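Enquirer: Shown below is the structure under consideration.
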């Protein structure tokens, strides 16, 4: 075979070369990608721009260089797990320009690791674990332009690290531990010399340089001076360890390595710990990790009881020291426990769990969003309370100081106490504190008083300044308010921090500072404290008499003898005052309309020198005399063991005001100088002792001593004492077995309780009567609701007044009493107004005709609307008042009763109550005028039912005009209310009048003092009795239905027979054209109109059934025998005038004996026929037939009959209502009378009749009927029966016994 020609071998060689190159380029590690992008033309240019990406492949080491293309330009090895770069890791990649090693685990870079990368321009080592770097690491990177070392562990960079990087222009080395100290001073010079840009690199430590650019920090701030701040320093475990004897416990300590002389030492309770195998303690020497951390370990292999204590890791350098500690608690195998316990204090409610002995338990403080920043430890997690359980299993020390106060008052006062004060804001802050201490009576925590005492001391520093003149006045007012606090709270505050003594001493300094500023007289007064100060000369001093008094109204002077008993605290909101003159008698001090609280006589010898040689100097001396009077002894509580003192171990109590006298200035010996003091007692007791208060007794707590004092004179209310030196004077008495008469504990006069109980019993009788006998009492549903609610709210007012008006001792109870009185009073006058409006609507109501009879009637208005007015409006008013400030209710400091503050009561009570009362009076006047204009309107009648309304409309054309003067005959069962409008008006108006008078007399009885309180108590009792009698007579005794209901209940035997009411001798005939009057009786008879002039004879006859004949026979024959007189004409609700269109009550029309209707019965509505036949069938079992329904058979039946008859009549009525659609009846006050929606097929009559139509009876009356005295009598329901142009009056039938008959097709017998 011949060899191939040379020309053919050349193409084959080129193909082999290309195939080999492509093979080499494709031989990459699994997962790596080769990216070649040509920027020019030619295959060589594409290969030179090669890019290899080996990212996120979990590579543990750098790929061998021989696995990568020799012409690789960019190598991406990010997001792997490479931990070390060895020497020559990238040899052979001489064309590599970019190397990305981000997000690996590189902790060590060997010298020469980047050797051979002479073309490398960008190197990224971000987010690795590099702890230290040196110059050999970057050897060979002569062309490197950009280097990023951020996110590593090193704290600093040593000088010379970048010496081999001659082309470097951009550097970034931000880390979390970067320490800007003296070790990076070289970088400032190197950056400036090489013109290098340092990007996004800021200091982290020390804290003073945090967030400042490294190259922007001033060089003088880059120091290595103490204190030492370590970027990283931690000890594990870091929290308290609780272990048992014999356990093993390892510790490890690690810190940032910043200096070569760093050492790590271990300590126990301040003693250095070294390895001791006998005790099982092993200490490892300090070791350096990754050039950035220094670490040491301690192991306690056999823990004993002596291991309990504080163990610490101590880092020591020449730049300073730093320590981390952990507490170890070693328990015995049989350790005890502290039991779980609940602790409630002024910091909150803490529930301590069961805790091992020797352990300190911690609990989070109660969270409170307000004022959290003013407590130590701003973070909520740092605010914890702790409590230690000792080794005996008992709770020991505790600390709640980091927790906020749970009470709002205490928390606000604490905020006041933390406010910085200066001359500018002192007065304003004092005024704010004064406004807050007005409610000092509600202080419940001793810290409240302590904080106020501390604030008064702070204010006292500024009383010397001329700009703070009024500061002293405000301080006295604040101290006066503190005297309103409870004695127990003041006692605890005195024992805890001597708060009361500090307040009194601050008040003494006020006068001293004011007189020192140049003033000759200074005085300030408050309700409980009076302060007076003078600058006096010894020369010419002849003595001084000063009196403390309080002005009172002239009306109160009659009660001076009883004043002390009624008002021990003197909280009349009237200031105490001083009156002084140069005299030793009281003759010139009598002031009109004042109460003398105390007086003091200073003798002329007070300022006299003892020796003659001192006389001349003493005459020219100036003295500062100050007098302070306290209304009571609350600021002088004895807290220590005072058994041997004047109070005899708290057996005696201060019962008089306290008056303080002090002289400042030149040295004066005030001992052995008799001072007479007269004091008014505010309580009665025994074993009186005159005493002085000494601030130095009982280790500075203070106490009363009786040395040098005696009682000169004493009567019921006044005690005069004499003491041998100046000081604080008072009288102490034993109150054991006696009562300190306070307004909170006072009782009302017995006549108030007696008469109030009478009123309560009468109101209960009315309420029970109307609720128990509701179905038997003739009263409308609306009036019933109004009366019951009115009586209930009067009863509520009386009960709360009598039982709670003086309960001022408990603030919450007192507030509740004020709220209930506020509500019940407004509700009472509102229910009177609702009642008056209802009467007015009934008096002026007119019948309204609906425009569209096919439209269904409007639904009835709910009874709830009255409750929304009578009860809802007072609830809203009280709710708004209480929500605005609950302290609007309760006892005022000046009032011994529970009510409201004066200002809020004007808008929340007196204003609304006066307006509602005025509106009520306007309603009463309007009703009175209407009744005078229309005397015929006397009674409220029942609202007609739907059937009655239609029948009334059909009968409207049959009224005889010739007898227009005749009035309707009305049965008493058609009355909606037994009381006439005039009687209802009288009842409502007198109820309101008596209630207002009763309220006023009660208020006077509790607010005035003797003897006026006694007078108004008797007035209150008289009004109570009158009110009781009126309510019983008007609503019970004067009402026949209520009397009968009680008689039937008390005497059940009397209910077996019927009782005739309003029966008069019957009239045999009518006179003057009037129909004979009739009403219901026990026989429940009907009457017909016998007037011949009212009707004409009919020209046609009417077919009568046997039922109708029997009824006609009964009316014509029985009337003269058993007729009852008709009600007075005034019983009609309104006149029948068609022009006035007044609403007509349901009237029972008598059967017309000669009815001549012209009706086509075939045209009667089938629906009506079916309904009426149903009624007929239902009554077939109960109603007598034409034979049995005669008068003779019907009369002997009694009204009660049997329950079976009543049940059958009710079933008949309900059956009729079920088949006949009947819309709900509208409210009588606002509804319009409408016709039923059912079919009304009426055919016009062909003739008229002059006689009366068949009688009509309302469905309601049929339901009430219990006696069937004669045959069935159904009303005509299919249209009016036309008369001959004249209208006859509607006559009343029997209301309780008769079922009417009408004209029926095929009607014979039942």
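Residue positions begin at 1 at the first shown residue.
Quick reminder: no glycine exception, Cβ is built from N, Cα and C everywhere.
This is the feature table in Swiss-Prot:
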type     : residues  : note
SIGNAL   : 1-27      : signal peptide
CARBOHYD : 70        : N-linked glycosylation site
CARBOHYD : 87        : N-linked glycosylation site
REPEAT   : 95-116    : repeat 'LRR 2'
CARBOHYD : 148       : N-linked glycosylation site
DOMAIN   : 176-226   : domain 'LRRCT'
CARBOHYD : 195       : N-linked glycosylation site
DOMAIN   : 231-329   : domain 'Ig-like'
CARBOHYD : 290       : N-linked glycosylation site
CARBOHYD : 321       : N-linked glycosylation site
CARBOHYD : 422       : N-linked glycosylation site
CARBOHYD : 442       : N-linked glycosylation site
DOMAIN   : 572-739   : domain 'GAIN-B'
CARBOHYD : 581       : N-linked glycosylation site
CARBOHYD : 676       : N-linked glycosylation site
REGION   : 690-739   : region 'GPS'
CARBOHYD : 717       : N-linked glycosylation site
CARBOHYD : 810       : N-linked glycosylation site
COMPBIAS : 1222-1239 : compositional bias 'Polar residues'
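Show me how these features fit into the shown structure, please.
Expert: Of all Cβ atoms in the shown protein chains, 15 besides its own fall within 10 Å of the Cβ of residue 70 (N-linked glycosylation site).
Packing around residue 87 (N-linked glycosylation site) is summarised by its Cβ count: 13 other Cβ atoms lie within 10 angstroms of its Cβ, all protein chains included.
Here the repeat 'LRR 2' (95-116) has long-range neighbours at 48, 70-89, 122-131, 133-134, 136-141, 290, meaning same-chain residues at least 6 beyond its ends whose C-beta is under 8 angstroms from one of its own.
DSSP assigns residue 148 (N-linked glycosylation site) to a strand in the three-state reduction. The Cβ of residue 148 (N-linked glycosylation site) has 21 neighbouring Cβ atoms from other residues within 10 Å, across all protein chains displayed.
Looking only at the domain 'LRRCT' (176-226), the predicted model's pLDDT averages out at 88.
The DSSP secondary structure for residue 195 (N-linked glycosylation site) is coil.
Cβ contacts within 10 Å of residue 290 (N-linked glycosylation site), excluding its own Cβ and spanning all protein chains shown: 15.
In this structure, residue 321 (N-linked glycosylation site) is part of a beta strand by DSSP.
For residue 422 (N-linked glycosylation site), other Cβ atoms within 10 Å of its Cβ number 8.
Annotation for residue 442 (N-linked glycosylation site): same-chain Cβ neighbours under 8 Å, separated by at least 6 residues, are 409, 811, 887.
Counting every protein chain shown, 14 other Cβ atoms lie within 10 Å of the Cβ of residue 581 (N-linked glycosylation site).
According to DSSP, residue 676 (N-linked glycosylation site) sits within a strand segment. The C-beta environment of residue 676 (N-linked glycosylation site), restricted to residues of the same chain at least 6 apart in sequence and closer than 8 Å, consists of 600, 601, 712, 720, 721, 722.
Helix, strand and coil residue tallies for the region 'GPS' (690-739), in that order: 0 helix, 27 strand, 23 coil [DSSP].
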Enquirer: Which of the three DSSP states, helix, strand or coil, fits residue 581 (N-linked glycosylation site)?
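Expert: Strand, per DSSP.
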Enquirer: Minimum Cβ neighbour count within 10 Å among the glycosylation sites 195, 321, 717, 810: which residue?
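Expert: Counting other Cβ atoms within 10 Å of each of the glycosylation sites 195, 321, 717, 810 gives the minimum at 195.
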Enquirer: Helix, strand, coil: count each for the residues of the domain 'Ig-like' (231-329), based on DSSP.
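Expert: Tallying H, G and I as helix, E and B as strand, the rest coil: 6 helix, 59 strand, 34 coil.
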Enquirer: Say you check the Cα of residue 810 (N-linked glycosylation site) against those of the glycosylation sites 87, 148, 290, 717; which is nearest?
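Expert: The smallest Cα gap between residue 810 (N-linked glycosylation site) and any of the glycosylation sites is with 717.
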Enquirer: What does DSSP say about residue 442 (N-linked glycosylation site): helix, strand or coil?
Expert: helix
Enquirer: Rounded to a whole number, how many Å is the Cα of residue 581 (N-linked glycosylation site) away from the Cα of residue 290 (N-linked glycosylation site)?
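Expert: Each residue's Cα considered, residue 581 (N-linked glycosylation site) and residue 290 (N-linked glycosylation site) end up 93 Å apart.
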Enquirer: Which of the glycosylation sites 70, 87, 148, 422, 717 has its Cα nearest to the Cα of residue 321 (N-linked glycosylation site)?
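Expert: Result: the closest of the glycosylation sites to residue 321 (N-linked glycosylation site) is 148.
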Enquirer: Report, in whole Å, the straight Cα-to-Cα distance of residue 422 (N-linked glycosylation site) from residue 70 (N-linked glycosylation site).
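Expert: The separation of the Cα atoms works out to 81 Å.
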Enquirer: Could you state the CA-to-CA distance between residue 290 (N-linked glycosylation site) and residue 87 (N-linked glycosylation site) to the nearest Å?
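Expert: Cα to Cα, residue 290 (N-linked glycosylation site) and residue 87 (N-linked glycosylation site) are separated by 18 Å.
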Enquirer: I'd like the per-state residue tally for the domain 'LRRCT' (176-226) from DSSP, helix first, then strand, then coil.
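Expert: Summed over the domain 'LRRCT' (176-226), the classes give 22 helix, 6 strand, 23 coil.
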Enquirer: Sort the residues of the repeat 'LRR 2' (95-116) into helix, strand and coil with DSSP and give the three counts.
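Expert: Result for the repeat 'LRR 2' (95-116), in helix, strand, coil order: 0 helix, 5 strand, 17 coil.
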